[in-house]
Amino acid sequence: YEKGLLYSSFSESLDQKQKHQLCNSAEETMLSQKQAEEAIVSNLNETEHEVGSTREEEREQDHSMFSLKSILWHGGSVWDAWFSCASNQVAQVLLTLPYSFSQLGMLSGILFQVFYGIIGSWTAYLISVLYVEYRTRKEKENVNFKNHVIQWFEVLDGLLGPYWKAVGLAFNCTFLLFGSVIQLIACASNIYYINDKLDKRTWTYIFGACCATTVFIPSFHNYRIWSFLGLGMTTYTAWYLAVAAIVHGQVENVTHSAPTKLVLYFTGATNILYTFGGHAVTVEIMHAMWKPQKFKYIYLLATLYVYTLTIPSAVAVYWAFGDMLLNHSNAFSLLPKSGFRDAAVILMLIHQFITFGFACTPLYFVWEKVIGMHDTKSICLRALARLPVVIPIWFLAIIFPFFGPINSAVGSLLVSFTVYIIPSLAHMLTYRKASARQNAAEKPPFFMPSWTAMYVLNAFIVVWVFVVGFGLGGWASMTNFIRQIDTFGLFAKCYQCPPPAPPHVVAAPPPHAHH
């Protein structure tokens, strides 16, 4: 009986403990379910809020799409990117291509344009692939780029490390710096053919102040109307050169002796390398797009249009004037003065102002990041912070006013690495491992059979540009550049200006005879 009582009391105590444990576990389960429900509700609320805000933003975007401000100021479509690429690719260099043809000859000039246009389009494609790869990896790490513009050196840093970042930053910034210098020199060179009362150095002072106003344009989003107008201006100028040269006809005893010297030959080839190497701002243009993944073939399509501008104009002017172009690096200098020529000069001046902004804006971004002003929303504060970038550009344009030869020097020493060699090497190293190729954000294009074929093409570009562009082109262009310094000197007041006409001396009247 006692054993029975003990057993019953023990079982009751066990039941109570179990009941107590069950109650506790039930309460914990209910609490956890309640917390989960609250979390789900909060997430749903957040999602609904995000969806609502997104829909509201979409509605605002759709509404603003038809507003004047959106049409003129806010650009991010595929067409905006195409206009930016085509407008930025060919500007003042259009005026120096006949000069390059006089160094290369007609056939070599056309072949080099086609060849470097294709290679340039391919390396621009590589840059776009690396940008998408970098951004995909960073977005997986929840990195937000809302108030940050991605640049090429940051892509290299994220994919290959700090050493590549330093190399990319050095080459890119130096190229863009001298690219801006070239636009400023071109402005002074062109305006001289309308108004020669001021020398070219004085015009450089004036246009340096004018181009400094680009500090007020925040980013490539805001170049929509400028890109459109710039391409229209270049198109007019290119076809003016072609038609005016044909109407003018060949000069008396015209000769087409090129190629005659290796120095001139590789100088001309390097200028064409520079012509189709204008994609140092590819990453910034992509980042300004609403859907950067669609950029892949935009540069190629822009290049195909640029062919219709560069080849006819250069061929026609070289046909008309031949070897005279060797001493006239600006095609405007040989065409007769007319209203059409003045219109072409003015339009090119405006377009060079736009291209100055294209080249300088990435430098503005770098400087803003250095001084910690990149996230500032005030346009006036950012403009004030950007002004120190313009000063060295202004100064260098006054030191080296050699319109034409400076293009080849920049092409061989800077463009060859910035937009040809470094992107090809970076692509090869980024996808050197099988795991990287397997998880690549962008697979090889449809016309490339395998990764091996891409490696072979990239290796060919690296070797060709290093040997022909940097090696032979660097030797030739620097030899020509030094020759210009010896002939005209640094700080040349009026580079390649015609000598002043001798003063008209009025003969003194004969003395009167005295009787």
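From the backbone N, Cα and C atoms, a Cβ is placed for every residue, glycine too.
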- Look up transmembrane segment in TrEMBL and report which of 263-285, 493-515 it refers to. 263-285
- Item | Cβ contacts the transmembrane segment (409-431)/the transmembrane segment (379-403), at least three under 8 Å, sequence gap 6 or more | no
- Counting only pairs 6 or more apart in sequence, are there at least 3 Cβ pairs under 8 Å between the transmembrane segment (343-367) and the transmembrane segment (297-321)? no
- Query: If you count Cβ pairs under 8 Å, which stretch among 110-132, 169-191, 297-321 touches the transmembrane segment (452-476) the most?
  - Reply: 110-132
- Message: Restricting to CB pairs under 8 Å, which listed stretch, 110-132, 169-191, 379-403, is in contact most with the transmembrane segment (203-221)?
- Response: 379-403
- Report, as numbers and ranges, which residues of the same chain sit near the transmembrane segment (110-132): CB under 8 Å and 6 or more residues beyond its ends. 85, 97, 104, 150, 152, 155, 159, 268-269, 272-273, 275-279, 282-283, 286-287, 292-293, 295-297, 299-300, 303, 306-307, 310-311, 314-315, 419-420, 423-424, 426-427, 430, 441-442, 445, 457-458, 461, 464-465
- Message: Can you work out which residues elsewhere in the same chain, 6+ from the ends of the transmembrane segment (297-321), have a Cβ less than 8 Å from its Cβ atoms?
- Response: 78, 81-82, 85-86, 89-90, 94, 97-98, 100-102, 106, 109-110, 113-114, 117-118, 120-121, 124-125, 128, 234-235, 238-239, 241-243, 245-246, 248-251, 254, 256, 275-276, 279, 282, 328, 331, 334
